[in-house]
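Look at TrEMBL and you will find 8-308 tagged as domain 'Acyltransferase 3'. The transmembrane segment feature in TrEMBL is assigned to 35-55, 67-87, 119-139, 146-163, 175-193, 200-219, 231-250, 270-287, 293-316.
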Amino acid sequence: MSSSYLPQLEGLRGVAALGVLLTHTAFQTGTQSAVLARFDYFVAVFFALSAFLLWRDFRPQGYLRRRFWRIVPAYWVCVGLTFALLFDAFRTPPQAILATFFFGQIYLPNGLAGGLTHMWSLCVEVAFYLGLPVLFWAVGKREKKVRVGAIVALMMFGFAWTLMPWPEGGVNFQIFPFSYLPWFGVGLLLAEYEPKRASVWFWVPALVVAWIAGQMWFGPLGLDHPSPLQFFRKILFGALFGLFVMLAAWNSKLLRTEPLQRLGRISYSLFLWHLPVLSIVLPMLGIKPFSGHFVLVSAVTIVMSIAVADLSYRYVESKFSARGRRKVAASRL
């Protein structure tokens, strides 16, 4: 494992955030596109990126503090303002509001609040953050084959979880963190077998995977509940998409350019805010959900989301991240 900085992966964060945004604008405008429908697989890219970057240079001391200050303050600001100001979130039950502040909404029946439904993935991400020190304690200092074996075992457990016939209605066990272990596993394995070079042409199989996964026979799109086999396929193809995109980004000069570096820096805030912004954009433009105008809605949502994300990054995310680093550094003295 290595600790060298890979700027192209910062740019990839920005691309992934835009991909998630576009899959949501496509859904809300009723756009029929197999590829755009599966741009939700950019969540798999986010998971793989997190796993790769944390595992390749895992530092136990101060780890949870750094994660807290990096993730939680900006999240709380977004969630608090959304519950206070966004009409779509006004009817959220009190228990779901409380659970949302503590990344627990996926463990409640119908716990996802309007304007904040995308935060399910942060619940999964936080669970991974909490579990990673346990994995490091168990195998982090063992030989490579032991670490790889443990990672593969976790991925197989995740695939097995997806095949369980969970009851429909009530708590949605399919969005529990275990289901997404294969997506994190892609990043963990890349940290173990870090490639020296990879081709930008890996974007081609990535888009093919997204197109196949967007076909009706593959499984339901949108909010419909998939069968266990359909969900297994979705997770498997998401892992492949994440792998191909990571490899495509590996030696990308485009992702190192300043515009994409800047987009990557604000990508977390962009992810946080794009859906609340989209919830405002549709009525602002006088466009009803599922009535088209994908290009217009996407363009306005991108511009407004980047503006809000930039403010969030400047005044919340970067300041609290720096505070977290200072606190960890002070604890070492």
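Heads up, the Cβ atoms here are built off N, Cα and C, so glycines get one too.
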Considering only Cβ pairs under 8 Å, which range in 146-163, 175-193, 200-219, 293-316 makes the most contacts with the transmembrane segment (119-139)? 175-193
Recorded stretch that, among 35-55, 146-163, 175-193, 231-250, 293-316, has the most CB pairs under 8 Å to the transmembrane segment (200-219): 231-250
Any contact, the transmembrane segment (35-55) to the transmembrane segment (231-250), with at least 3 Cβ pairs under 8 A: yes
